[in-house]
Amino acid sequence: MNQHRITPMTESGLLAALTVILAMIAVYLPVLGMFAALIWSLPIVVLVVRHGLRWGIMAVLISGIIMALLIEPLLSLRMVIAFAPMGLLLGLGFRKGWPGMKIFGVGLLASLLSLLAAFALVFAVTAVNPLNLQVDALQQSFDAVFNLYEEMGLDAKAIADGRQLVAEGMVMVQILIPLVVIMMGVIYTAIGYLAGVKVLRRLGHAVPQVLPFAQWRLPVFFLYLFGFAMVGIYWGGTRQIQPLYQLSMNANMLAIFAGLIQGLALTHCVLSHYRVSRLVRILLYVIVLTNGFLAQLVALTGLFDMLFDYRRRFSAQGKK
């Protein structure tokens with residue numbers, strides 16, 4: 001009986017120590033830090049699956065206290081608030097055998113709420129919007145680059161045009177801040193989910209099967225969202241209704257992103273059907289993602305695929 005109690009305690013201690021190490025890497029190592037921050041919640045996911053939610057919460061509290069002592073209290077608290085709830089709920093979903101989409105959806109909701117709570121904490125303590133701070137830092141980086149170009153004696157008109165483009169881009173970034181938060185939540189949840197599936201499977205746990213990329217399908221809601229967003233952009237822009245314009249721009253970009261994912265899945269399905277080599281497929285994906293026109297074309301195709309299901313029609317024709 002004592003051994004039964006020692007096992008989860010020992011493992012929770014080791015995994016809590018791992019979260020502290022990942023947090024220190026995220027803070028002190030610039031390149032590896034980004035990767036460490038993305039997988040910070042992974043030990044929590046594993047611990048909840050193996051020993052339950054109670055042990056996961058205890059490990060979060062212990063690691064948070066140690067991080068506060070070793071790093072910095074506010075930074076540690078912000079990291080725990082931003083990532084721990086998602087890790088706990090992903091682990092709970094895997095442990096209870098929820099369907100994959102439910103696990104991802106609950107994890108995404110937890111991630112978004114946690115990010116907002118972390119931003120609110122920083123704002124309450126410093127009276128500074130952390131997202132605006134990041135935008136200002138980005139603007140300062142561009143200014144430093146343009147100043148360097150001026151010192152090198154490059155064409156003044158080209159530099160002025162570049163400054164104008166950057167200024168317009170910064171305005172767009174300010175408008176799309178809500179979308180940035182959503183995309184952060186999606187990225188954190190996707191990495192936590194996929195990494196959790198891979199690690200748990202190697203540890204011998206039964207986890208939901210991740211669908212092949214060619215079978216990915218998103219709800220038709222995004223097509224309707226795209227249509228309403230276009231109307232909102234027109235009305236908000238022509239009638240100077242800034243809140244409507246900003247909301248519609250964010251909705252439009254979210255729908256376009258969803259369409260791009262579905263469009264790439266459709267493209268992958270077609271290329272796989274014709275047995276196009278992996279190297280050629282990768283090159284085509286890179287070309288699409290780096291070409292604005294092709295990316296929009298694939299995104300629009302993906303949006304309409306949500307309604308018309310081209311893959312089903314394509315498969316039906318292939319069987320004739």
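Our numbering is plain: 1 for the first residue shown, then up by one each step along the chain.
Just so you know, glycine gets a Cβ as well, placed from its N, Cα and C.
Positions annotated as transmembrane segment by TrEMBL: 12-40 (among others).
Sequence annotations record features per position, and here TrEMBL assigns transmembrane segment to 52-71 (among others).
Per TrEMBL, transmembrane segment is recorded for 106-128 (among others).
The annotation transmembrane segment is assigned in TrEMBL to 175-197 (among others).
If you look up TrEMBL, you'll see 218-237 (among others) marked as transmembrane segment. Counting only same-chain residues 6+ beyond the ends of the transmembrane segment (218-237), those with a CB under 8 A from a CB of the stretch are 243-249, 251-252, 254-256, 258-259, 261-262, 302-304, 306-307.
Marked as transmembrane segment by TrEMBL: 249-271 (among others). Tertiary neighbourhood of the transmembrane segment (249-271): same-chain residues 172, 175-176, 178-179, 182-183, 213-218, 222-223, 225-226, 228-230, 232-233, 280-281, 284-285, 288, 295-296, 298-303, 305-306, 310-311, 314, selected by CB-CB distance under 8 Å and a gap of 6+ residues from either end.
Distant neighbours of the transmembrane segment (283-304): 218, 222-223, 226, 255-267, 271, 276, 310; these residues of the same chain sit at least 6 beyond its ends, with a Cβ under 8 Å from one of its Cβ atoms. Feature annotation from TrEMBL assigns transmembrane segment to 283-304 (among others).
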Top Cβ-contact partner of the transmembrane segment (52-71) among 12-40, 106-128, 175-197 (pairs under 8 Å): 12-40
